[in-house]
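Peer 1: Mind looking over this structure? Questions follow.
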């Protein structure tokens with residue numbers, strides 16, 4: 001049995017905390033709030049390092065780059081790129097969308113930024129140029145985009161079984177690798193859409209229940225979808241079969257997210273009943289329902305290499321939860 005308890009409460013925001021995310025190694029976390037600020041914390045110390053205060057509206061989403069040097073954030077129709085060390089805005093994408101921007105995501109090498117909006121569009125921005133226009137627009141969703149993931153992994157094809165003919169060399173025994181790049185979106189229209197950037201294809205998981213967020217397991221084999229029928233669904237990434245449903249938390253109105261822990265043994269979820277829910281991934285069993293927040297838990301995130309979690313709430317606080325020894 002995994003015992004989890006809250007060991008730190010961060011109370012630096014003066015408004016609802018809409019999002020909280022670890023940086024790539026889990027040493028720091030970033031939060032966004034309706035108070036229009038983004039805050040950077042040292043997780044182990046529980047201390048705030050910096051407050052980013054250039055947005056004119058409440059923060060909808062944020063993401064840091066894999067090298068932890070830059071930050072992207074959205075607020076209403078504003079899309080900003082920040083230098084984390086200096087706290088300065090590097091670039092403003094003014095009026096990037098025609099409606100509120102709900103989600104942002106950046107690829108691994110920080111060359112492409114993706115933004116999703118209530119205008120139903122996903123836009124891709126080339127960070128290597130100063131162009132004010134997106135390089136691509138994905139317009140397949142029928143309703144608000146609720147989350148975006150970039151899934152990049154190296155696929156190895158082993159040709160040692162003698163497929164094809166050898167043309168005077170022996171290279172067909174060498175494994176061939178390519179990087180699969182997928183952009184995955186969820187929407188209020190009940191669909192998860194997977195775009196293969198390399199192949200230019202789209203595959204759609206369709207349901208009638210609005211999806212308030214989608215994440216991906218650490219082994220990249222399953223989607224984790226938070227749905228407004230108060231379920232979290234574990235969906236096979238290849239067959240789109242629903243493998244497991246997790247029930248107990250409350251989610252009918254708000255954008256609430258879920259994700260797996262570092263080793264894919266647990267599923268964690270926010271909830272509208274103010275409690276933090278932890279499920280066993282394989283069995284679907286509810287392991288823990290943790291109290292502490294005094295209002296809706298809007299966002300949860302899992303440390304990349306241990307059982308530590310962060311939660312944000314409309315009670316204006318962030319809580320850090322650790323596994324008890």
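Every residue gets a Cβ built from N, Cα and C, even glycine.
The repeat 'WD 1' annotation in Swiss-Prot covers 12-51. The feature repeat 'WD 2' is assigned by Swiss-Prot to 54-94. Residues annotated as repeat 'WD 3' in Swiss-Prot: 96-135. According to Swiss-Prot, the region 'Disordered' annotation covers 157-179. The feature repeat 'WD 4' is assigned by Swiss-Prot to 166-205. If you look up Swiss-Prot, you'll see 206-245 marked as repeat 'WD 5'. The feature repeat 'WD 6' is assigned by Swiss-Prot to 248-291. Sequence annotations record features per position, and here Swiss-Prot assigns repeat 'WD 7' to 292-325.
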Peer 1: Short question: which residues 6 or more past the ends of the repeat 'WD 3' (96-135) have a Cβ under 8 Å from it?
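Peer 2: Distant contacts of the repeat 'WD 3' (96-135): 60-63, 65-67, 70, 72-79, 81, 141-150, 152, 181, 183, 185, 187, 255.
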Peer 1: Please list the DSSP helix, strand and coil residue counts for the repeat 'WD 6' (248-291).
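Peer 2: Secondary-structure composition of the repeat 'WD 6' (248-291): 0 helix, 17 strand, 27 coil.
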Peer 1: Mean pLDDT over the repeat 'WD 3' (96-135): what is the value?
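Peer 2: Averaging the confidence scores along the repeat 'WD 3' (96-135) gives 96.
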Peer 1: I need to check the long-range neighbours of the repeat 'WD 7' (292-325): which residues 6 or more away from its ends have a CB within less than 8 Å of a CB in the stretch?
Peer 2: 2-11, 13-22, 24-26, 29, 31, 33, 41, 43, 46, 254-262, 266, 268-272, 274-276
Peer 1: Which numbers of helix, strand and coil residues does DSSP report for the repeat 'WD 2' (54-94)?
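Peer 2: Per-class counts: 0 helix, 22 strand, 19 coil.
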Peer 1: Hey, which bits of the same chain come close to the repeat 'WD 2' (54-94), Cβ under 8 Å, at least six residues off its ends?
Peer 2: 15-16, 18-19, 21, 23-25, 28, 30, 32-38, 40, 100-106, 108-110, 113, 115, 125, 127, 130, 132
